[in-house]
């Protein structure tokens, strides 16, 4: 186990009242958060979203990505479902950090795509470690998940880490002229499924 559960409190939102659960990485002290809605106990699969931190999209309303749109849509879907979890994964910029993300944006402004920009900075296309999220699910006693994602790699990694992903639920929102090339690149080079139906 790479994390410990350290604190929790109620978090009222426009979609309803969530329970905010804080986790801390044992090795680094980095914090992560889960937002839990309703009763997630029991054997039935839980609707969940693993959402990686995106300051620009989540808090600053950037149109360069679909992150903020996905965050809002996921919370809305979870509330409509009546139960579910959003894991807020503190690995900004696909885990290259905020300043390197700004550098990557500058390269994109020069014509590089999101993958090429990461490579120019010496990073892989995606540096995230989703095994931390598997530990968060385990600390919340969740074993079966209906995962809100367009990223099959997330499904694969969480499955390998012991989480039973019984369904992939697409979350296709927020496409606009400013992020169309970015989304097309994620589909073409990173395998994201952006025109798909749920899989079981």
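Every residue gets a Cβ built from N, Cα and C, even glycine.
As recorded in Swiss-Prot, the features of this protein are as follows:
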BINDING   49, 50, 51, 52, 53, 70, 92, 93, 94, 114, 149, 154  GTP binding site
BINDING   54, 65, 67  Zn(2+) binding site
ACT_SITE  126  active site, proton acceptor
ACT_SITE  128  active site, nucleophile
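When the recorded positions 65, 67, 126, 128 are ranked by how far their Cα is from the Cα of residue 51 (GTP binding site), 67 comes first.
Within 10 Å of the C-beta of residue 65 (Zn(2+) binding site) we count 20 further C-beta atoms, all protein chains included. A gap of 12 Å separates the Cα atoms of residue 49 (GTP binding site) and residue 67 (Zn(2+) binding site). Of the candidate recorded positions, 54, 65, 126, 128, the one lying closest to residue 92 (GTP binding site) when CA atoms are compared is 54.
Here the Cα atom of residue 53 (GTP binding site) is found 12 Å from that of residue 65 (Zn(2+) binding site). Residue 65 (Zn(2+) binding site) has 94 as its nearest neighbour among the recorded positions 94, 126, 128, going by CA to CA distance. Annotation: 94 are the binding-site residues among 54, 67, 94, 149 whose CA atoms are within 10 angstroms of the CA of residue 128 (active site, nucleophile). One way to see the shell of the Zn(2+) site is to take the Cβ centroid of 54, 65, 67; the remaining same-chain residues with a Cβ within 8 Å of it are 52, 56, 57, 58, 62, 64, 66, 68, 70. If you compare Cα positions, residue 149 (GTP binding site) sits closest to 67 out of the recorded positions 54, 67, 126. A count of other CB atoms within 10 A of each Cβ picks out 49 as the most crowded of the recorded positions 49, 51, 53, 54, 128.
There are 20 other Cβ atoms within 10 Å of the Cβ belonging to residue 67 (Zn(2+) binding site).
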